[in-house]
Amino acid sequence: MDRILARMKKSTGRRGGDKNITPVRRLERRDAARNINYDAASCSSSSAEDLSVSTSSLMTRSLEFPEPTSFRIGGGVGEMDRIYRSLGVSGPDDLAISFDAWEACKKRSSSDVVNRFKSFDLDKVRDQDLSEEGPSGVVVGSDSMNHKVQGQDLSEAGPSGGIVTELSEIGNLITPVDRLVADGVVENRRVMERTPTIVKSKGYLVPNNVVAVGVGVGGGIKGLRPPVLKPPPAMKRPPIDHRGSSWDFLTHFAPSETVKRPSSSSSSSEDGCDEEEGKEEEAEAEEMGARFIQLGDTADETCSFTTNEGDSSSTVSNTSPIYPDGGAIITSWQKGQLLGRGSFGSVYEGISGDGDFFAVKEVSLLDQGSQAQECIQQLEGEIKLLSQLQHQNIVRYRGTAKDGSNLYIFLELVTQGSLLKLYQRYQLRDSVVSLYTRQILDGLKYLHDKGFIHRDIKCANILVDANGAVKLADFGLAKVSKFNDIKSCKGTPFWMAPEVINRKDSDGYGSPADIWSLGCTVLEMCTGQIPYSDLEPVQALFRIGRGTLPEVPDTLSLDARLFILKCLKVNPEERPTAAELLNHPFVRRPLPSVGSGGSGSASPLLRR
């Protein structure tokens, strides 16, 4: 305890003693040693020398670094000046060349190779007598243009029995002279001035500034070598053998057979030829049924071919057209305005060299990817089918032509467009719908009798001419029906028949599917809107698959309603054929008489 108290006293004493400690004495100028002999000038000079030495050493060290080979421009002041100084120029003007120097450089670079050979008149050399031939088979001749080149006197002895070429000057020409020494020693002399010669060896005829010596020349290159290489042969495109190639199909769309022109024989012989060709076409149509394969979905989804809409007019020559009987020959034509878009591409108006108007379906086959093969097959089927159809209610096919990557299909021009555009402009009354329906039935009957199914009957695919004639168009999905075995789901959903949607539950579908689509088309013309218009396409598919009929308004006439409901039978076996529907009262009614021009009665086509 005593020890602890003693330590506490000592620590307290230390703390108190710290306050009495005197601070360290500060150094002041008066305490510095006085140097009376101090010279400020000498001190400043010595310090300047030391500074210069240190600066020079730093500069010497900085020069030891390698010069920069790349520069980074950060936008600072003076960066470009440092780059110019490192390049040894004062500014950007030193990097430029004059216009005259540039033009001279271009002329020199383009004429170095070409003009060198133009200076030699090869045609004249062929007509001249060439000099004698040495043992190596090399023939040396002089050129008509003698450009003298400085040389040197070369004299050396060749082996025994050799032939040496000696150049002798006659006027302005230098001609080779072969001289054989009597004792077998060959002497080779060359004058100081020589001219370029034409050397012909192994099929080459090239200019050469070197005199060819047969044998016995010591040193250098032995024999003759032309100064330029023989150009390679022209490259040829490899033949297209791949069966899946788009170009292979494209080249076969417009066959190169002899163009069929109208014969000058009598009308009776023409009728006989037409009958024979018609029988051949029917036989080909039957054979096509076994070769057709299922095609892709609708054109809007799978076959949206591209086109150049900006090109309003262009002239295209028809390279290899094919023509049906009675069609005019189209040798040259011009593409006009865009009329619309079909299953495979854009449709334009065209005019031939004879002033005949027609429709041109332009198909591009380049950027289709995986869908190209399917669309090409679909297009090939349409062309083959159209070439066999000859009916007043079906669009007439007039031939094909190709131009680069595009295929052009020439069709009959129907001026008023589709029924879709027509009922959007006018209100179609029952009398007009009845007239149009009868013509549609005539075309369908012709197709079904031929064994074809259209598979896409709707107002957008039915065209109207100025005289009121209705024509079926867009046969991109049409198929040959054989034993009711069409099992693919094609067409637009709103016009599809139930058996087309429920193809798994049936063996396929045939011509009754077109009758269902016809009923939907008549309903569309009467109401001015598509069937199932209040549903989405997927919802419409489910409704149709379950057998739900589209709504038929009570405002329609009784004959029109009965005709539509007769077509829209869920069971395809209960639907009438096209021939039976032609006897229906709706299509057999007479047209009401339109009032005379003075009565002022409205046209039945005019929308009120």
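Each Cβ is built from the backbone N, Cα and C atoms, and glycine gets one as well.
Region 'Disordered' is the annotation Swiss-Prot gives to one range among 228-247, 368-387, 488-507, and that range is 228-247.
Summarising the environment of Leu339 (ATP binding site), the number of other Cβ atoms within 10 Å of its Cβ, over all protein chains shown, is 19. Of the recorded residues, Gly345 (ATP binding site) and Asp456 (active site, proton acceptor) place their C-alpha atoms 17 Å from one another. Using a 10 Å radius centred on the Cβ of Arg341 (ATP binding site) and all shown protein chains, the other Cβ atoms total 16.
Asp456 (active site, proton acceptor) sits 15 Å from Arg341 (ATP binding site), counting Cα to Cα. Taking every protein chain shown into account, Val347, Asp456 are the recorded positions, and of these the Cβ with the most other Cβ atoms within 10 Å belongs to Asp456.
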